[in-house]
Structure formats: C-alpha cells, structure tokens
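Novice: As annotated by TrEMBL, domain 'Radical SAM core' applies to 85-301. What TrEMBL lists as [4Fe-4S] cluster binding site is C99, C103, C106. According to TrEMBL, the feature N6-(pyridoxal phosphate)lysine maps to K314.
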Amino acid sequence: MEKWQSEYRDSIKTHAALEEFFEAQFPKVDFPLLIPRKFATHIKKAGLDSPLANQFLPQVSENDLGGESDPIGDHNQSPLAQIVHRYENRILFFPTQVCPVICRYCFRKNELGTNDELFKANFEKVLEYLKQHSEINEIIFSGGDPLILSDERIEFYLNEFKKIPHIKFIRFHTRTPIILPSRITENFCKIIENFKKDFLQINFIIHVNHSQEFNEENKVALSLLHAHCSNLLSQSVLLKGVNNSKQALLKLIDELIKLNIRPYYLHHPDKVKGGLHFMLTLEEGRNLYATLRNHLPGWALPQYIIDIPGGEGKVSAYNPETYNFSGHLINRKGTKVPYI
Ligand code: SF4
C-alpha cells in the first residue's frame, strides 16, 4: 500500500473520532464524515469557526429537509450508468464514488456512497457508447474524485480511451491535490506525462474554495503536478460562510495565480438537500462578481456560472445589465426557466 493510501485509510470517519480529534462537540448529522488526519490538523490550526472548518465540519443545518437530492439533474442526462452526456462534445465519467474528503456543501452528497445507478460499474457499455458517438471529444473524470483511484486504474482507463480516435481531451476534476497531497507522487506524474502524446490536452481542474486551504505540502504537490503533468485550472463554489466576500475571493485568486492555476469556474451553489445553509442569492453573487471584474484582469476572472436545476446545464450566472434577479434563467435553447 502506498503512503497516501495508508494516510487515507487512517482518516477520521466517525462522529466520536471527530470529537476526540478536535476536542469539541459536533451535531450528529444524516450524512457521512471523512477527513484525512493531516488535513484535519490544518483545519484545527485555522480554527473551528474558520471558513476552512465550515466546509468540512458538520453543522446542525445539514438536517434541514429542504433542497434536492439531485440538484443539477444529472440523472435526467445520463444515457447509461457511469456517465452523464449533457453537452454534445463531452461526457462526465464516474469511475468512483469515493472522495478524499466529504465536503458538507457537496451537490452529490445525497448520491455518493449509496447504490445510486449513476455510479454503477458499467465500463464495457461506456466504451461501446463512446465508440458510437463520434461527436464526443472530451472525457471528464468526475465522481467522487478520480485521483483517489490507484495509478493502475487510472492508467487502465486512459489506455482504453486513447484507443478511441475521436477522444482528444481528458479532464480530471479533483480535490485530492489540496486534501491529500501525498497522492501526487512522482509515479503518478510520470503516468500522466506518458499519456500526453496520446491526447491533445490533459487538464486538471483543481477544486478549491478558500486561500486557507493551501499549505506547504499541497503547494509542493500542485507545483509537481504543474511541472510534470499538464494544465491546471480551478473550480470554486461560492459559499455563504466560506468565501462570499470580495477579500476572500481576491485572495484565493491571487494564490491560484501564484501556483500557476488558471481561474476557471466560480459556481453559484446548488440547492442540495443538506446544504442549503451555504446558499446565497443570485443578486449577492452578481454583486460580488461585479466587484471582482473591477479588481482583476480579464484573464484572471473565473466564469461565474450556475447549473439550471433539472439537468439543463450550466449558464452564465452573471447578468451585466442588472444585478437584480428577474426570477428566471435563460437555458441553452434561449428559453426562460423559472428559478426561485
Ligand atoms: S470532493 Fe467533490 S465530490 Fe467529493 S465531497 Fe467534496 S465536493 Fe463532493
């Protein structure tokens, strides 16, 4: 077993272990817990009421009943288990339901770790589907978190995808380099480096929401990933109590740029069951984004986007005409969709 795998195995997973580690009391919630111990030490240093802690430690509001189990309608856009095909040129591929940490705001928090059809092993059929759909040129490894898979497994998938001539782009959406940086080994980097010749581009989308998430160890891992693997881009979720201020977002973007990570996505939060306490209104989000536009060069500005509930996909959450929200979003067909 590799070092990162034993670190992961030793994570805090129970309410009792959490209270013992943090020497504090936490509410019992209906969702599972998981925090690797090194990252938990980092959270402890930041403080239990820090933006960092708010993302990973349970809060009583998680037991609220409002919200959706599948807030972005993945199931409505899934032609078969293990994939979502929402946009013509790309699929989301779910090789695992496992993550390096359990984020309290996660939009898949009601699906991960369950018997959900979306995540059932179905790789042979996925390959058949890809071969029949020559319009697909990008595979987005999602989950769960694909970097929690072993090197051998990642190598296996990439080997299969490289045999399909129309697959040009590979993208990994991952939180692992931040949470479990020991996973970014020399061997993993070599594997990715070897596959660079087989695809037009391999991109890593690093999920990070607050500058407090960075530490010496994950900065080294990100540098290694940048030096040997490929392009790094960011995705962040705008979250109440975490990063919903101009200062927090600008500091995060500064850190991203220092680490050669291009700011890519700023997601408006999804109305997930158990995560409504992280929501902010579209007006609040638009006002914040307008402030960012005044403080950042265009190339450093992430796209502020929102997923239309029900599966219609991402659209811009920013309306430059007005910050007052009209009560509807415009979907990709140009139709108005009510959004309350
Ligand atoms: S790592 Fe991503 S998928 Fe996993 S719990 Fe966090 S937000 Fe959800």
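Placed from the backbone N, Cα and C atoms, the Cβ positions cover glycine too.
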Novice: Can you give me the residues near the recorded [4Fe-4S] cluster site, meaning same chain, not C99, C103, C106 themselves, Cβ no more than 8 Å from the center of the site's Cβ atoms?
Specialist: V101, I102, R104, Y105, R108, K109, L112, D145, R175
Novice: Run through the Cβ atoms and count how many others sit within 10 Å of the one on C106 ([4Fe-4S] cluster binding site).
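Specialist: Taking every protein chain into account, the count is 21.
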Novice: Express the predicted model's confidence over the domain 'Radical SAM core' (85-301) as a mean pLDDT, rounded to an integer.
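Specialist: Computed over the domain 'Radical SAM core' (85-301), the mean pLDDT is 96 on the 0 to 100 scale.
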Novice: Using K314 (N6-(pyridoxal phosphate)lysine) as the reference point, find which of the binding-site residues C99, C103, C106 has the shortest Cα-to-Cα distance to it.
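Specialist: Looking at Cα distances from K314 (N6-(pyridoxal phosphate)lysine), the smallest one goes to C106.
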Novice: Near the Cβ of K314 (N6-(pyridoxal phosphate)lysine), how many other Cβ atoms are there if near means within 10 Å?
Specialist: 17
Novice: Given a separation of at least six residues and a C-beta threshold under 8 Å, show me what packs close to C103 ([4Fe-4S] cluster binding site) in the same chain.
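Specialist: Residues satisfying the criterion: Q55, F56, K109, R175.
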